[in-house]
Amino acid sequence: MQTNFLSQQFNAGSLAENSTACPANATICDGTSCVLPEDNFNQTLSVILSTVLTIMLALVMFSMGCNVELNNFLGHIKRPWGIFVGFLCQFGIMPLTAFLLSLAFNILPIQAVVVMIMGCCPGGTASNVIAYWVDGDMDLSISMTTCSTVLAMGMMPLCLFIYTKMWTDSDAIVLPYDSIGLSLVALVIPVSFGIFVNHKWPSKAKIILKVGSIVGAVLIVLIAVVGGILYKGSWIISPKLWIIGTIFPAAGYTLGFFLARIAGLSWHRCRTVSLETGMQNTQLCSTIVQLSFTPEQLELMFTFPLIYSIFQLLFALLILGGYRLYRRHRVKTKTDVEKTAQKEDSKSSAKINGGFVSDEMK
């Protein structure tokens, strides 16, 4: 009995000594390689918040659909020049930018792969909300999001095969086609209902749109906060990934805008393409990463999708703020010009009518 007690003490002491190499709450430890657990609290919180966020997202996309004119939407499908430009940005510019950033910063192969996965993901639904706030083309925005999600079924494997050969076997990356399909369903069904409501009851659709746009803004911030809570134990990663996570979305917004402008699209469509290019489906990226890599590998790059998500939101809000300031200044200037022109017209007509000028015109 005494021997067993001493043995238990020794084992407990050994475990205590070994635990110094890893955090006390780590579940998988191999030397200094540790992964923090998704404890019961996190699992419960994740399920609850995922349910709430899914419902909110469906409502937001329903409200965004209330701003889509069926004829305009079908027009983009029949004459898909804007969608084609968006396709070049989404599956041309973004994967190439991811590849060049990975080479420029000389990051680890496993980290380069996650950056490439992010670059190959389709556009996220948050872009539709921001596009509404910057007076973008909502018909183009939603058609681009839908088409990029559909095309991701084939373009993601192709892009990953082309760009990741130097770092890993592309067959090792598991693409969750069911998640892509669910994203598509979650987008198409609510938007379709919204388009129907806008077609039948346009006055009610405007009210739904205003409410949904506010809920959408709250949802975008909420997703970022939730990510920070659920993955708070994984923030210690390479500074290079932080830098790439900052540059990458900014490059997507900028390059998308300029390519759209070179392609001859109007200004409001350029803003739309820019947002659709820079705002990626980060939830899909996180799912692919978790399915494809071991816990030891996840430690090196698991938080990158969240970092990208934060900075893509930050730059989107800066674009929104800049556009709102520009619009306010432009409207104010335009009003002043109109008043001046009106005043001059009144004075000139006063000369013709005998020189009478009212006090308001002076």
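Glycine is no exception: its Cβ is also placed from the backbone N, Cα and C atoms.
The model shown is predicted, which means the values in this text are computed figures rather than measured ones.
If you look up TrEMBL, you'll see 337-348 marked as compositional bias 'Basic and acidic residues'.
Annotation comment: TrEMBL describes 337-362 as region 'Disordered'.
According to TrEMBL, the transmembrane segment annotation covers 45-63 (among others).
Listed as Cβ neighbours of the transmembrane segment (83-105) (distance under 8 Å, sequence separation of 6 or more from its ends, same chain) are residues 76-77, 111-112, 115-116, 118-120, 122-123, 140, 143-144, 147-148, 151, 155, 159, 162-163, 240, 243-244, 247-248, 251-252, 255-256, 259-260, 263, 265, 273, 276-277, 280. The transmembrane segment annotation in TrEMBL covers 83-105 (among others).
Annotation comment: TrEMBL describes 112-134 (among others) as transmembrane segment.
Residues annotated as transmembrane segment in TrEMBL: 140-163 (among others).
Panel annotation: around the transmembrane segment (175-195), residues 54, 57-68, 70, 73, 122, 125, 142, 145-146, 149-150, 152-153, 156-157, 205, 208, 281, 283-284, 287-288, 291 of the same chain, lying at least six beyond its termini, place a Cβ under 8 Å from a Cβ of the stretch. Under the heading transmembrane segment, TrEMBL lists 175-195 (among others).
The transmembrane segment feature in TrEMBL is assigned to 207-229 (among others).
Among the features that TrEMBL reports, transmembrane segment is placed at 241-263 (among others). A Cβ distance under 8 Å defines the sequence-distant neighbours of the transmembrane segment (241-263), meaning residues of its chain 6+ beyond its ends; these are 81, 85-86, 88-89, 93-94, 97-98, 101-102, 105, 107, 111, 115, 118-119, 269-280, 301, 303-304, 307-308, 310-312, 315-316, 319.
Sequence annotations record features per position, and here TrEMBL assigns transmembrane segment to 306-326 (among others).
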